[in-house]
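Annotated features in TrEMBL:
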ACT_SITE  D243  active site, proton acceptor
BINDING   E130, D243  substrate binding site
BINDING   N175, T211, L212, G213, G214, D215, G216, G242, D243  ATP binding site
DOMAIN    47-288  domain 'Carbohydrate kinase PfkB'
SIGNAL    1-19  signal peptide
Amino acid sequence: MTALHTALLALSWFDYGMCEGGFGEEERSSVLPRDTLDWRGIFRRQLFLQVGDDSFGQNYLQNFKDNKVDTTFVGVTKEAATGVAPIVVDDAGENCIIIVAGANLKMTPGDVERAEAMIRGASVVVCQGEITPAATLTALRLARTHKVKTLMNAAPADASLDAAIIEHSDIFCVNESEAEVLTKLKVKTREDAEQAAEALLQRGSRSVIITLGGDGAVYSTAEGHAHTAAQKVTPVDTTGAGDAFVGALAYYLAYHPRLAMKEMLHRACQVATASVLAPGTQASYPTRDQLPSHLF
Ligand SMILES: *[C@@H]1O[C@H](CO)[C@@H](O)[C@H](O)[C@H]1NC(C)=O
């Protein structure tokens, strides 16, 4: 593999395994040992975000470097603090996240344009909702221009999401609550998810994935809907499962592009399931050697 395969634009990697209840350096380093290779670290990726000129920012940078993530396009700004997202996890393993976007909102379309060569060389561009919509849209547009596949994970959901972002998504991926925010439809069952997916397809996405936690995911295109089941487990902490799913899917799109979508989703669900069996977000991601080799 030569060029960069995945450009991942900015990031919920704020959510740094803080749910164990500490914000101090010790807690964080104890849940994220230096040699942890986050699952997404198995493919070369380019990270695009801004951090503040503060200790959180320094920690992020170090963590990315330790995980062999290319940080060429990680900007350090003095104008805002590094984004953070304190997370509370309840007894059922469900989470509540408060996002303080901070420095990521300082990213401009111009910053993204400067990375055009990187985007052109990628197999997949993954975006999500924690940088400014204008920067996200610029990335998706550039990807389209260069015929690079786009995977938009609209998390966190914003009811007033720019329609052009949906139109520029080859795959538009949300969980059930995000689908509700975006479509104003109730999304509890698989049938509900199919209806919400229809609504999102009508808004211009080429395909839609709605993840349903323990119920797997629904994948929808103009041709119809397909459901992928997930293995039943008792979750410890569901935080980060969506990111594990999206990261795994991006890996399959980049490295196994000829796999049937059904198989990619089946495998991505397995990776996400593995991530809910351990506490934390990045810290809960299994490393490559902790996952069955048939996933690769
Ligand atoms: C969906 O993702 C959001 C983050 O955007 C998270 O706060 C929420 O708990 C998730 N919903 C479910 C049902 O997992």
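Placement of Cβ uses the backbone N, Cα and C atoms for every residue, glycine included.
Note: TrEMBL annotation is automatic and uncurated.
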So how many other Cβ atoms are close to N175 (ATP binding site), meaning within 10 Å of its Cβ?
23
Count the Cβ atoms, other than its own, that fall within 10 Å of the Cβ of the residue listed as 'active site, proton acceptor', considering every protein chain shown.
27
Highest CB neighbour count within 10 A among the binding-site residues G214, G216?
G216
For the domain 'Carbohydrate kinase PfkB' (47-288), the mean pLDDT of the predicted model:
83
Filter the candidate list E130, N175, L212, G214, G216, D243 of recorded positions, keeping only entries whose CB is under 6 Å from an atom of ligand 1.
N175
Cβ-Cβ neighbours of E130 (substrate binding site) (radius 10 Å):
24
If you skip the near sequence neighbours and keep only those at least six away, which residues in the chain come within under 8 angstroms of L212 (ATP binding site), Cβ to Cβ?
N175, E176, R190, A193, V218
Whole-number answer please: how many Å between the C-alpha atoms of the residue listed as 'active site, proton acceptor' and G216 (ATP binding site)?
14
Between E130 (substrate binding site) and G216 (ATP binding site), find the distance joining the two CA atoms and give it rounded to the nearest Å.
24
Max CA to CA distance in Å over the ATP-binding set N175, T211, L212, G213, G214, D215, G216, G242, D243?
17
